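Here's the structure, in structure tokens; my notes come after.
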Amino acid sequence: MASAKKAVLGPLVGAVDQGTSSTRFLVFNSKTAELLSHHQVEIKQEFPREGWVEQDPKEILQSVYECIEKTCEKLGQLNIDISNIKAIGVSNQRETTVVWDKLTGEPLYNAVVWLDLRTQSTVESLSKRIPGNNNFVKSKTGLPLSTYFSAVKLRWLLDNVRKVQKAVEEDRALFGTIDSWLIWSLTGGASGGVHCTDVTNASRTMLFNIHSLEWDKELCEFFEIPMKILPNVRSSSEIYGLMKISHSPKAGALEGVPISGCLGDQSAALVGQMCFQDGQAKNTYGTGCFLLCNTGRKCVFSEHGLLTTVAYKLGRDKPVYYALEGSVAIAGAVIRWLRDNLGIIKSSEEIEKLAKEVGTSYGCYFVPAFSGLYAPYWEPSARGIICGLTQFTNKCHIAFAALEAVCFQTREILDAMNRDCGIPLSHLQVDGGMTNNKILMQLQADILYIPVVKPSMPETTALGAAMAAGAAEGVGVWSLEPEDLSAVTMERFEPQINAEESEIRYSTWKKAVMKSMGWVTTQSSESGDPSIFCSLPLGFFIVSSVVMLIGARYLSGMP
């Protein structure tokens, strides 16, 4: 019975899905796209100062090893032979920046996460010296000059971390986004690891020319980035190197398996949703929220605050495809904030129960601009607000407002995309962990006033990475021909409110967004000692107390 089961499975493909909140390793049947097994580990985020977001690159790498080991263990329990795994793909959180020592394999600083805001004053000073015109960066990269992207994070590390400066001087430093760090480590690390990235991840650094598909010398000179530390840029589907993890007893059977697919997480989801045609779009609900529309082989530049990015290049000799993207910084992260910071919920799943209890925000609106506002505003001065509170408001209303906020932000970027493309989307394909929340999906259909369509298997990001890996030349176990792609079962959510109510709620949300702007100004120092500022409140308290004591004595006539 067991041998018969093995015989029908055919070639398997694994996928590392390394996101902002968690790491997963998933294994798919390449003939049916069926998910056979997976394991997930939550990843810590560190907030050393206001606006700073970091992660430990070694913890990220260890989480990958753990997920591979546990998944292989589960496959063994299912009597599935892991030697059937013929390739591995990688999808990853984009923009997050790592610099490490190529001789020791040690990170030289924590990973600076895409959400991090410490580089705002760097962005402002750079914007004042853009050569020629304000489109210098955007015309080459498709991106606005923003704290979001890797170049300014790398610039900060070079300016402020002595270990990084010294390693660059001594030709020991390597830079990469999370995909580069993982592929280098998984293919041998300091003992011959492959230092590479793919076109989708490179296109998020602000150093990559999306027309020539090469690192841009002028951009590197503008940001003062030494090109010798940059990874080699490859397509999204080719053999980069072979797995070398013999130190891991349970995952050692994957030794020698090719890593042959690599896509930034949002591009991976586009592939996993099979959005291969011009005009097809998907929205992924993760830590942030990302709406991508395939624009085919042409670069479409937005006039409404969207990004132009590389969608995928599925083979060395295959054409590059582009996408328009609307990025929302905070989606699932707001649920984590309600859990970890406010203690309103004990688990992420609990928010659906709270929202269901009331079925309305009761006029409460939540703008979770914790890291400023991304598309379509690109407003770093914004901060989170909750408004419309009354004595009747309770945690259930706030939970509902948090879910609505995700949907309103999606509406904003969908409106921008419809204006850029000229043809409104008739429905929205969705994926990501938050799509398991049925109230969120129904709210999204109501607020967009179009149907929302969700695949029954929500792991489309990992699926996209697996498809790219399995289709690579030299692997060839996964066909991407339209006639060979597996049919996907979908769940459909139709709008249940009238258009007028949808518009009223949306217009009130827009008022709340306006109130969130202009809350902060750039701090004078990005690297100053925070302990200096910590002492100021105490100083003010002492001085004001002495003044009040003297005043009281004077008024009472005391000597």
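FYI, residue positions are counted from 1 along the chain as it appears here.
In case you wondered, yes, glycine gets a Cβ from its N, Cα and C as well.
Feature annotation from Swiss-Prot assigns sn-glycerol 3-phosphate binding site to Thr20, Arg94, Glu95, Tyr148, Asp265. Within 10 Å of the C-beta of Arg94 (sn-glycerol 3-phosphate binding site) we count 26 further C-beta atoms, all protein chains included. For the recorded site, Arg94 (sn-glycerol 3-phosphate binding site), the DSSP three-state label reads coil.
In the three-state DSSP reading, Ser22 (ATP binding site) counts as strand. The feature ATP binding site is assigned by Swiss-Prot to Thr20, Ser21, Ser22, Thr287, Gly332, Gly433, with similarity to another entry given as support.
Sequence-distant contacts of Gly332 (ATP binding site), defined as residues of its own chain at least six apart whose C-beta falls under 8 angstroms from its C-beta, comprise Ser21, Tyr285, Gly286, Thr287, Gly288, Ser348, Gly432, Gly433, Met434. What Swiss-Prot records for Thr20, Arg24, Thr287, Gly332, Gly433, Asn437 is ADP binding site, and it gives similarity to another entry as the kind of evidence.
According to Swiss-Prot, the feature glycerol binding site maps to Arg94, Glu95, Tyr148, Asp265, Gln266, an assignment based on similarity to another entry. Within 10 Å of the Cβ of Tyr148 (sn-glycerol 3-phosphate binding site) there are 29 other Cβ atoms, across all protein chains. DSSP assigns Tyr148 (sn-glycerol 3-phosphate binding site) to coil, not to a helix or a strand.
According to its DSSP assignment, Gly252 (beta-D-fructose 1,6-bisphosphate binding site) is helical. Feature annotation from Swiss-Prot assigns beta-D-fructose 1,6-bisphosphate binding site to Gly252; the stated evidence is similarity to another entry.
Taking Cβ-Cβ distances under 8 Å and a sequence separation of 6 or more, Glu501 (Zn(2+) binding site) has no neighbours in its chain. Here Swiss-Prot flags Glu501 as Zn(2+) binding site.
The annotation transmembrane segment is assigned in Swiss-Prot to 532-552 on the grounds of sequence analysis.
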### Summary
If you measure between the CA atoms of Glu95 (sn-glycerol 3-phosphate binding site) and Arg24 (ADP binding site) and round to the nearest Å, you get 19
### Message
Measuring Cα to Cα, how many Å separate Tyr148 (sn-glycerol 3-phosphate binding site) from Gln266 (glycerol binding site)?
### Response
15
### Query
Taking Cα atoms as reference points, which of the binding-site residues Ser22, Gly252, Gln266, Asn437 is nearest to Arg94 (sn-glycerol 3-phosphate binding site)?
Gln266
### Message
At a 10 Å cut-off from the C-beta of Glu95 (sn-glycerol 3-phosphate binding site), count the other C-beta atoms across all protein chains.
### Response
26
### Task
Could you tally the C-beta atoms, other than its own, that fall within 10 angstroms of the C-beta of Asp265 (sn-glycerol 3-phosphate binding site)?
30
#### Entry: Rounded Cα-Cα span from Asn437 (ADP binding site) to Thr20 (sn-glycerol 3-phosphate binding site), Å
19
